[in-house]
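Structure record follows, encoded as structure tokens.
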Amino acid sequence: MSPNPSSFGKVAVLMGGRSAEREISLMSGSGVVQALRSQGIDAHAFDPAERDLGELKTGGFARCFIALHGRFGEDGTVQGALELLGIPYTGSGVMASSMAIDKVMTKRLLLSESLPTPRYVLLRRGGYSPAQVDAIVDTLGLPLIVKPAREGSSLGLSKVTERAAMAAAVALAEKMDADILCEQFISGDEVTCPVLGTGEQARALPVIRIVAPEGNYDYQNKYFTDTTQYLVPCGLPAGEEAAIQQLVLQAFRTLNCRGWARADVMIDQATRKPYLLEINTSPGMTGHSLVPMSARAAGISYEALCVEVLKTALLDHQPRDGSLP
């Protein structure tokens, strides 16, 4: 049964923000505002880069749909502010958000539960020598991936195919983060799988297989070209897809995520073993975004998806009577 639109109260769609992914967030948020309004919900755009978060309280907002991406949006920062304001919000809580945005912490948590993720080496700004950078090639082999530990949308990511390119790749990643993740490259199918819900009620949506030009699924190919192919149904054997969905649900629960998320996975071409790369706790909602695409394959329209996500808005610390403000 669909909830009465008025039961949501006045909704702020947080969008824009201060991260390197601001442009994408504005695109996501605009789509969400339009979708919620089409369902009769009193939704308003709210850019934390231009307005004080305190206005959410004084403005009478009852809950927030977080369409922010990257720093200050999906890293636990805005979630903590909303906890203090007592305004329920979509997506994961403070701790899960801060863990999931950090690719190294995510890997450590996954490995603690024996979930597969590519081998890696962590570099910290100012804490490594050229010789140590060079040695990473011997440790992980070529090609390998170098990326900032806490950025999304493939920003600052390099695929290193020769030893001489390592220093430049590390320097690029270091411009965006003090922590640099050097990761084993898994050659094979690149897939992604969204999750909707919380706890035991969480469910995995259809897997999407991504085929990018020259295998390069970078920022440009993610959002601004039509040459990347998104295959859903993914074309994998049913058993493989089910195994990926189960693995993604395990990862979602390991990080204590809630509401919704999307996990990126590589499938080793030789062994067909899936490897978890990262979990995005505030996925994109643009025209090129993958969660709406997967939801559509499951029979869920963009508008219905936005309402479904909004219904999951919570606080880490609920009032004693379990009610929402």
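Using N, Cα and C of the backbone, Cβ positions are placed for all residues, glycine too.
Swiss-Prot annotations:
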- 137-192: ATP binding site (BINDING)
- Asp264, Glu278: Mg(2+) 1 binding site (BINDING)
- Glu278, Asn280: Mg(2+) 2 binding site (BINDING)
- 107-311: domain 'ATP-grasp' (DOMAIN)
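Overlay of Swiss-Prot feature records on the structure.
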{"residue": "Val137", "record": "ATP binding site", "CB count, 10 Å": "18"}
{"residue": "Leu144", "record": "ATP binding site", "CB count, 10 Å": "23"}
{"residue": "Glu151", "record": "ATP binding site", "CB count, 10 Å": "22"}
{"residue": "Ser158", "record": "ATP binding site", "CB count, 10 Å": "21"}
{"residue": "Leu172", "record": "ATP binding site", "CB count, 10 Å": "17"}
{"residue": "Asp179", "record": "ATP binding site", "CB count, 10 Å": "19"}
{"residue": "Ile186", "record": "ATP binding site", "CB count, 10 Å": "23"}
{"residue": "Asp264", "record": "Mg(2+) 1 binding site", "CB count, 10 Å": "18"}
{"residue": "Glu278", "record": "Mg(2+) 1 binding site", "CB count, 10 Å": "21"}
{"residue": "Asn280", "record": "Mg(2+) 2 binding site", "CB count, 10 Å": "23"}
Q. Under 8 Å Cβ-Cβ from Ala165 (ATP binding site), six or more apart in the same chain: what's there?
A. Ser158
Q) Which one is it: of the binding-site residues Val137, Glu151, Asp179, Ile186, whose Cα lies the shortest distance from the Cα of Glu278 (Mg(2+) 1 binding site)? A) Glu151
Q | pLDDT averaged over every residue in the domain 'ATP-grasp' (107-311) | A | 93
Q. C-alpha of Asp179 (ATP binding site) to C-alpha of Asn280 (Mg(2+) 2 binding site): distance in Å?
A. 18
Q: Spatially speaking, which of the binding-site residues Val137, Glu151, Leu172 is closest to Asp264 (Mg(2+) 1 binding site)? Use C-alpha to C-alpha, please.
A: Glu151
(Q) Nearest by CA distance to Asn280 (Mg(2+) 2 binding site): which of the binding-site residues is it, out of Val137, Leu144, Leu172, Ile186? (A) Ile186
Q) For Glu151 (ATP binding site), what is the secondary structure by DSSP, using just helix, strand and coil? A) coil
**Q.** Structural state of Asp179 (ATP binding site), classified by DSSP into three states
**A.** strand
